[in-house]
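See below for the structure under consideration.
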Amino acid sequence: MNDSASPFGNQHALPPVRDATPLQTEEVLDRADGTSRFDIRRIKNVFRRNRARAHDDGPRVVAVNDSAACAAYGYYGNHISTTKYNLATFVPKFLFEQFSKYANLFFLFTSVIQQVPNVSPTNRYTTIGTLSVVLLVSAVKEISEDLKRATADKELNSSRIEIFRGTDFVTKKWIEVRVGDVVRVRSEQPFPADIILLSSSEPEGLCYIETANLDGETNLKIKQGREETADLVDPHSLIGLTGKIMSEKPNSSLYTYEGTLTLNGREIPLAPDQLLLRGATLRNTAWIHGVVVFTGHETKLMRNATATPIKQTDVERIINLQIVALFGILIILSLISSLGNVIKISVSADSLGYLYLEGTNKVLLFFKDILTYWILFSNLVPISMFVTVEIIKFYQAYMIGSDLDMYFADTDTPTVCRTSSLVEELGQIEYIFSDKTGTLTRNIMEFFSCSIAGRCYTEVIPEDKNATMIDGVEVGFHTFQTLLDDHLVSGPNRQVIDEFLTLLAACHTVIPEVKDDGTIKYQAASPDEGALVDGAASLRYKFTVRKPKSITLENPSGTLLTYELLNICEFNSTRKRMSAIYRCPDGTIRLYCKGADTVILERLSEEGGLYVDDTLRHLEEFASDGLRTLCLATRVIPEAEYHSWAEAHARAATTLDGRADALDACAEIIERDLFLLGATAIEDKLQDGVPETIHTLQEAGIKIWVLTGDRQETAVNIGMSCKLLSEDMNLLIVNEETKEAVKENLVSKLQAINSHQISEQEIDTLALVIDGKSLGFALEADLEDYLIEIGTKCKAVICCRVSPLQKALVVKMVKRKRKALLLAIGDGANDVSMIQAAHVGVGISGMEGMQAARSADVAIGQFKYLRKLLLVHGSWSYQRISQAILYSFYKNIILYMTQFWFVFINCFSGQSLMESWTLTFYNVFFTVLPPFVLGVFDQFVSARHLDRYPQLYQLGQKKRFFNVTIFWSWIINGFYHSAVIYICAIYIYKYENTLAGGNMSDHWSWGVAIYTTCTLTALGKAALISNMWTKYTLIAIPGSFAFWILFFPAYAVIAPLVNVSQEYKGVLPATYGSLTFWAMVFCLPVLCLMRDLLWKYYKRMYRAESYHHVQEIQKYNIADYRPRMEQFQNAIRKVRQVQRMRKQRGFAFSQAEEGQEKIVRMYDTTQKRGEFGEMREAH
């Protein structure tokens, strides 16, 4: 099979990667990212391969119709799993993920130290207990999310398929399919495994399959069983079917296959034409019979998938590094305190005799003190924060899933956040990598408009677009109804209209199939062709019968006309046109030709260009609207000329040397002196809201790359219609055959961009378009720098004809070269690798199946929901998580740093300032709610304004809410507040610690005063940073302080009675009964937070952020007049479109290349199908 006829498109892209094993494939992707990714399943795969190694030395042996014999070889079953864990891998993989967080390692080490006798100044179980809770909460979250994946896998594995058992087909689950089984797949059903095609309902074992789920191409591919098996159409013929298949071993190459079928002693070669891949879907074919050769994770689709990766968010990465720095601070504090203890004992030994320290080994004491202080200061890193953040993320994911604005009612599909740990990354995305088919488009073609004899027709005339005469030129549209009722009946161009619609109904390779109810279903390998024939039928020119040598059309008057099919000059990407030669009912020989305007217009006769100017004007308007265009032309061929040409064509068709070129040259001879009839416009229907969503995301500063398996013209056309590309953009095309040419192209473009010192506004006019073969070269190590530099300078990038692994490699390259956060979105199995390679993967539950949605971090029903997912939920999640994390560190530092200040007056003894259980309760009860409220309910800007001002999204891209500088400003602020509270407390209690009756307050009473002051200060800080006050805020902030004030008296009385917290005996009267206590508690927080309040005022008044202005617009409900300006700009843009689209105008048409004439001549649709729905070959 030559390249152009490849069933899956481009065969040249990265063959070393496609031919790799799954393990090698994952290694290639990992190397591309520059990282090593842990996955326990790789170890499992090694053991599995070792177990089956005895059968891997040679080709795979498949016993046809005998799955029991195949079972002896130990082939894998058809079970598919996309889960992150299983029973064997959960513990090691989960623990690896959790302890890759430095904080958890730190607390594990602290827990171990606490178990050492006479070292810990606090209860030995406080840290290990809290760490266990953290791990338990994380485990429950991970298990619940993985169970959702397992449920989706179970649903897929339980799909139904017909398997031949005994004497007939029985319905079983996919999971029950085994290698060697003969299965029947019906129309519109996906293939459950990789299958060798035996026979089908169509002549000679033909069938049509849709591979959009594999390669993104919208064309239907034609597969054909071997003639030796094409007659196996009924169950009776399968009963005695025995034989074996010597097959290649499982591999990841979607585009190749080699095997040999031995049947009745005959060896029959097998090629890719006979292989039906899992992930593809049967179309326009009633049924097929086939033998299963690869199942489950051995199928080519699953071999192209990578294991579910462990993803870490950018915020987590920053926290990890900063926690290392905090560890350093903690060690310094411990060293200072330990060294102070040793020096104090040495210098003041004479006055410390009552401690009996004689003979103490000061070196051992020093290291023991380090451990003691390590434990005492360990809460500088808030362990409770990790539980809090996990719960916040889980609830944010729940709110995303509960948003009715992102619920797609047509398919009953809510948004599902499968990986809640990544929610804040949704607010920091800089690049979106999108599939085209099924993601941006619906993969539905519709005959939208046509230009005939210089007049434009459409179904529904757009507003203010009725046909009018301006300066002698007709502009605007007529309706199709006007065409049928008036222009076709009595108009001056009725003959041209008749020829145009006849051409639409005749020049194609569509097969008509009459249903039981009398309706006709058109089976088309190309959705474009199907749309054109449907369009002709809707205009009363019905294509009704196809025979090997003729077709029958029904005209508007109901007359059946038979056209004798003489020749077809097939479409290919070089010719960009297709012609059919017919002997018409009037006896004349006519050539009907359709194709790109560039190739049609240059083949017109002098008289044939009568409508060129008007047609070109209409083509420009069609192209500016993103429609797929074709020109239609015809000529009458004299009898003598045809016979002479037919002889030359027959010789070309039988030549053995350069047959394709000879046929193209022969077609060139007859396709001349054409008469232009007009043009068609097909709408590749976009999903709702795609243009608006892309425009808004670009306004938000997000760069969008489209990675598609479709051809270049189609991809560019869709780019125009979805507003990814605009009318004033300059397209940088890279479409080369060699590595040297690709390098020269990239370097020259880069030099041109750099030499002209292009401004930011001019960069917005650049778009890169690169095809799969060029991309394969550009992704190599010595060229990728050129590619990434050009790509990041462009506003949009379109990669055409790319393989699934190329998609992943592009994402990996950008991830490695640009330290930006990436999102990949797709809906097909071919998008899974790309989705898993990105920081955030989004799957669309679309027409191409659920594989992408199952493997993604977030699943949505429509592309348009990406707008609210990122701009609103993403921005909220990022800001909320940032505030919750920063506040959690702050509130711990403000309290626990007082322990350090205390060592300077307790002789560095390690004495705790506060009772240990009360310290634990600080994070468990009294300051636990503010982070939750900040992380769940706070809104720094409303959803409406976040959508209205997409530029606010750049706050996340620029890390304005969480970065190293902000993190340490909060840490330093915590140090400052703790120092102010501690120093002021010393001086307050130094002179005002006398109680009624003359008693003095002890240090436990003083500790309670400091504890209460720190708690109120921390809660006051939460109040200062809250953007939105709700009933939950009132419960969390004032409510938490009221809870402490009520809790302490009860605890201080009851706890000592049950032999807990003995330190609190007599403390209650010394605190609540002291005016000094209350004065300190309410005055010091005001003193601490005064600086914060002044800084907040200064920031808003003199260094305001963009969201500060929007907050004022929101608060005072200031009117916004931008919509009028946008309408004006859109009008101006439309005026400029027609002028600038001339350089962009081209055609976009999707059609199978070559082999079409042979196929259409097999059909005689007047014959009725057999007992089993089969259609025999016509003779």
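Our numbering is plain: 1 for the first residue shown, then up by one each step along the chain.
Just so it is clear, glycine is given a Cβ too, placed from its N, Cα and C backbone atoms.
Caution: TrEMBL annotation is automatic and unverified by curators.
According to TrEMBL:
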REGION    1-21  region 'Disordered'
DOMAIN    63-128  domain 'P-type ATPase N-terminal'
TRANSMEM  321-343  transmembrane segment
TRANSMEM  371-392  transmembrane segment
BINDING   Asp435, Lys436, Thr437, Glu529, Phe571, Lys594, Arg628, Thr708, Gly709, Asp710, Arg801, Lys807, Asn830, Asp831  ATP binding site
BINDING   Asp435, Thr437, Asp827, Asp831  Mg(2+) binding site
ACT_SITE  Asp435  active site, 4-aspartylphosphate intermediate
DOMAIN    853-1103  domain 'P-type ATPase C-terminal'
TRANSMEM  893-914  transmembrane segment
TRANSMEM  920-941  transmembrane segment
TRANSMEM  961-989  transmembrane segment
TRANSMEM  1004-1025  transmembrane segment
TRANSMEM  1032-1055  transmembrane segment
TRANSMEM  1075-1094  transmembrane segment
Paired segments the transmembrane segment (1032-1055) and the transmembrane segment (321-343) in contact, 3+ CB pairs under 8 A: no
Cβ contacts under 8 Å made by the transmembrane segment (920-941) with residues that lie 6+ beyond its boundaries: 123, 126, 130, 379, 382-385, 388-389, 391-392, 395-396, 399, 875-876, 879-881, 883-884, 887-888, 891-892, 895, 949, 952, 1011, 1015, 1018-1019, 1022, 1025-1028, 1030, 1032-1033, 1035-1037, 1039-1041, 1043-1044, 1047, 1107, 1110-1111, 1114
Interface check, the transmembrane segment (961-989) with the transmembrane segment (371-392), three or more C-beta pairs under 8 A: no
Which binding-site residues sit within 10 Å of Asp827 (Mg(2+) binding site) - Cα, from Asp435, Thr437, Arg628: Asp435, Thr437
Residue among binding-site residues Thr437, Asn830 with least C-beta crowding, 10 angstrom cut-off: Thr437
Cβ-Cβ under 8 Å with the transmembrane segment (371-392): same-chain residues at least 6 beyond its ends: 101, 103-104, 106-107, 110, 113-114, 116, 119-122, 127, 130-131, 133-134, 137-138, 141, 323, 326-327, 329-331, 333-334, 337-338, 421, 880-881, 884-885, 888-889, 891-893, 895-897, 899-900, 903, 910, 912, 919, 923-924, 928, 931-932, 935-936
Positions whose Cβ lies under 8 angstroms from the transmembrane segment (321-343), at least six residues beyond its ends: 102-103, 106, 362, 365-367, 369-370, 372-374, 377-378, 380-381, 900, 903-904, 907-910, 964, 967-968, 971
DSSP-derived helix, strand and coil totals, residue by residue, for the domain 'P-type ATPase N-terminal' (63-128): 30 helix, 1 strand, 35 coil
Rounded to the nearest Å - Cα separation of Gly709 (ATP binding site) and Asp831 (Mg(2+) binding site): 10
Surrounding CB atoms that lie within 10 Å of the CB of Gly709 (ATP binding site), all protein chains: 29
Cα separation, Asp831 (Mg(2+) binding site) to Arg628 (ATP binding site) (Å, whole number): 25
Candidate binding-site residues Asp435, Thr437, Phe571, Arg801, pick with smallest Cα gap to Asp831 (Mg(2+) binding site): Asp435
